[in-house]
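S.K.: Would you mind keeping the following structure in view while I ask a few things?
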Amino acid sequence: MEVLRSNLGRVRIPEPTTRIYKHECCISFDTPKSEGGLFVDMNAFLAFGKDYVGWNYEKTGNPVYLHIKQTKKTEDAEDRPSKKPTLLAIGIDGGFDNSEPQYEEAYEIVILPDYVTLPFPSVELPEKVRLAVDAVLLAEGAERKEQLASWTADKKLVSKYATDLLQLDNGVVVPPVGWKCAKCDKTENLWLNLTDGTILCGRKNWDGTGGNDHAVNHYRETGYPLAVKLGTITADLEGADVFSYPEDESVVDPLLAQHLAHFGIDFSSLQKTEMTTAERELDQNINFDWNRIQETGEDVEPLFGPGYTGLVNLGNSCYLAATMQVVFSMRSFCLKYYSDQSLKAAFSMAPADPTVDLNMQLTKLAHGLLSGKYSAPVLEKQEGIRPRMFKSVIAASHPEFSTMRQQDALEFFLHFIDQVERMNSGKPDFDPSRSFKFGIEERLQCPSGKVAYNRRNDYILSLNIPLEKAINKKELAEFQNLKSKKAAEGKELSADEIVRPRVSLKDCLDCFSAPEEVHEFYSTALKARTTAIKTAGLTSFPDYLVLHMRKFVMEEGWVPKKLDVYIDVPETIDVSGMRSNGIQPGEELLPDSDAGDGEQSTKLLANEDIVAQLVSMGFNLLHCQKAAINTSNSGVEAAMNWLLEHMNDSDIDAPISQNVQNPDIDQSKIDTLLSLGFEEKLACRALKASGGDVERATEWIFSNPSASAASDMDAATSGGAAVDPLLPDGGGRYRLLGFVSHIGTSTQCGHYVAHIHKDGRWVIFNDEKVGVSKNPPLDMGYLYFFERLES
């Protein structure tokens with residue numbers, strides 16, 4: 001007891017706002033359930049596993065710890081009937097059940113360095129220690145607080161159109177039964193427009209089922225904003241599915257009872273007869289795609305050991321789990337954060353709070369996944385690890401990943417790589433993200449015969465899917481005939497009757513390099529707008545080539561849609577023919593534009609392809625258009641970065657003005673970039689693409705080393721294909737290392753699963769479940785990761 005009294009000065013009583021970690025070690029995945037329990041530093045309120053608490057004492061000198069040990073209760077697990085999920089999420093209320101056994105907790109005070117132990121609770125302990133420990137035990141853990149806060153943003157919001165909703169006095173009275181679409185024969189998936197009382201069918205689903213889009217088309221024609229799904233209205237109104245077309249999401253209508261009464265609807269006796277939008281999405285996804293991608297029904301042999309550790313779903317975090325499993329199957333990341341960096345080295349370099357240090361949390365994740373420490377057979381069930389701290393630190397600067405909503409795995413991968421590159425800025429030889437980086441060169445030829453070259457660097461090769469080149473056209477034609485016949489009979493297709501287009505990966509790669517017309521191209525040779533021909537190629541071949549299949553496209557009216565298509569992907573590819581060699585003998589470059597050229601003041605329009613990709617990720621259309629314009633249509637990544645930086649701007653929702661693309665640039669900022677050795681036109685373009693911020697403009701220039709000085713691609717006149725010496729390069733032969741598949745109709749919902757080729761076999765990583773893949777769905781990938789084969 002005396003040794004405790006002599007160290008009372010190192011004990012703090014936490015304030016209500018103090019972040020207290022007590023569920024997981026900050027430098028490993030040890031928990032109170034681990035063999036050695038968890039030690040909470042009673043000064044810093046960080047938690048450490050038994051093997052690591054000594055490191056903290058060496059670094060900080062903090063001697064007093066609360067030791068928490070959990071042991072499983074001996075009673076048998078409850079034989080509860082599984083509840084049908086209502087959310088496409090895992091491990092949360094309403095989602096797929098992740099039932100866990102119950103545990104008992106025991107506590108004691110431990111004083112380092114001699115590990116003197118004192119019982120708790122005990123009246124003999126100093127009052128300050130008792131108060132401090134009580135505060136720790138009563139407090140909500142920081143890990144749990146972050147998760148709860150993240151879910152707050154996911155609740156349905158009250159529609160801004162509900163309070164002052166216009167309702168027409170047109171005498172419409174809606175009967176309690178016998179509903180039918182006013183424009184077709186559909187009697188299911190019907191929506192009542194709350195302005196004029198029209199009953200119309202909903203959107204058509206990806207497989208041809210559902211409605212005929214009459215409800216959404218009615219909104220486009222009339223602008224009437226709110227509709228409620230008939231069949232989801234019940235006496236308490238809580239389950240009613242109200243959709244706001246202008247807000248493009250399900251919403252809460254606090255005046256729904258009043259709005260229904262306007263059309264003579266007595267909801268007090270109504271019972272639910274239809275699924276809500278979320279439930280229908282769930283029901284569709286649990287069918288064909290869900291089963292095949294997850295290999296449901298297969299007798300999957302579980303795998304354990306180093307490199308076979310699962311990641312527990314934190315609630316819609318499968319996009320992170322699938323992506324990081326593939327990333328840590330790559331040599332560059334395994335070397336950087338596992339083989340070449342110990343946990344102790346990362347901890348010694350970390351700041352006072354290692355939970356906010358990306359290097360520490362990446363090292364922790366690498367050791368958790370690759371060491372095998374957390375992948376031992378427990379009743380033949382993989383328990384996995386929870387990447388809570390990694391998710392918190394990687395998402396800290398991102399408004400979407402910091403929520404518990406489902407996200408796009410592509411967007412997360414790009415954000416992750418960007419953060420790793422920033423962390424290793426100035427140390428390219430130690431930057432593992434460099435192994436993904438490659439150069440893209442676009443060649444433009446105008447009718448004058450002269451050419452321009454535009455170069456940029458990227459981490460992913462995004463490929464369009466040419467459905468017109470489907471290799472199973474005969475089967476598709478037969479399917480369309482069957483579909484028409486079934487529709488005429490009022491029947492719906494079963495899952496095993498659906499035929500999907502099948503396109504070869506080679507045709508997708510050929511699409512990237514194929515000649516493409518660029519309209520409204522300003523030719524400095526002709527001094528006029530014209531149509532140019534653009535081709536593209538790669539200036540270098542990275543260690544790892546990531547292919548993104550553009551399965552999410554925009555339909556008319558900017559409605560995102562997922563292409564229901566198979567991609568024939570071989571396990572080895574050769575992209576040597578895609579190498580671009582820059583200006584060729586006999587080619588003449590387009591001249592630089594004149595400073596006084598009137599065309600330079602022409603309004604820059606948003607590139608539709610960039611906007612479509614951003615909108616398909618869930619961003620607002622207007623915001624996406626502004627992002628494309630303000631980054632001079634330089635690419636999706638630049639536009640996304642601008643968007644994330646400016647989402648909270650006061651004028652982000654203001655209409656696009658004529659001068660958005662040419663904001664006034666402070667001459668002093670131009671002079672600052674000139675003093676760094678950059679040309680004036682390049683400085684102006686960088687400042688425009690960075691919203692006038694000098695630091696970000698400098699980063700933009702370095703990340704776009706071949707960017708021209710023009711305001712858009714019109715005057716990209718760089719001359720050759722000199723390869724950036726900092727980019728990895730080699731032959732064009734690659735082997736498929738892994739792929740991430742998506743189940744669902746939108747990147748904002750559904751589920752992600754990874755398949756990785758390890759130790760001569762395919763392995764499925766489905767959150768915490770890891771096993772031998774018997775039938776890897778190679779044709780259903782969303783992101784494909786290829787490893788370069790050395791000659």
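The backbone N, Cα and C atoms fix where each Cβ goes, and this holds for glycine too.
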S.K.: From the ranges 72-93, 424-445, 578-599, grab the one TrEMBL calls region 'Disordered'.
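M.R.: Within the set 72-93, 424-445, 578-599, TrEMBL attaches region 'Disordered' to 578-599.
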S.K.: Sequence order is fine: just name those recorded positions in CYS181, CYS184, CYS318 with a Cα within 10 angstroms of HIS751 (active site, proton acceptor).
M.R.: CYS318
S.K.: Other residues near the Zn(2+) site, CB within 8 A of the CB centroid of CYS181, CYS184, CYS201, HIS214?
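M.R.: The surrounding set, listed in chain order, is ALA182, LYS183, ASP185, LYS186, LEU190, LEU200, GLY211, ASN212, ALA215.
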S.K.: What is the number of residues in the domain 'UBA' (605-646) that are helix, strand and coil, as DSSP sees it?
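M.R.: Output for the domain 'UBA' (605-646) reads 30 helix, 0 strand, 12 coil.
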S.K.: Under 8 Å Cβ-Cβ from CYS181 (Zn(2+) binding site), six or more apart in the same chain: what's there?
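M.R.: Listed in sequence order: THR187, LEU190, ILE199, LEU200, CYS201, GLY211, ASN212, HIS214.
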S.K.: Pop the Cα-Cα gap between CYS318 (active site, nucleophile) and CYS184 (Zn(2+) binding site) into the table, whole Å please.
M.R.: 39
S.K.: Identify, among the recorded positions HIS214, HIS751, the residue whose Cβ has the fewest other Cβ atoms within 10 Å in this structure.
M.R.: HIS214
S.K.: Which of the listed recorded positions (CYS184, CYS201, CYS318) has the least company, meaning the fewest other Cβ atoms within 10 Å of its Cβ?
M.R.: CYS184
S.K.: What is the average pLDDT across the domain 'UBA' (664-704)?
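M.R.: For the domain 'UBA' (664-704), the model's average pLDDT rounds to 66.
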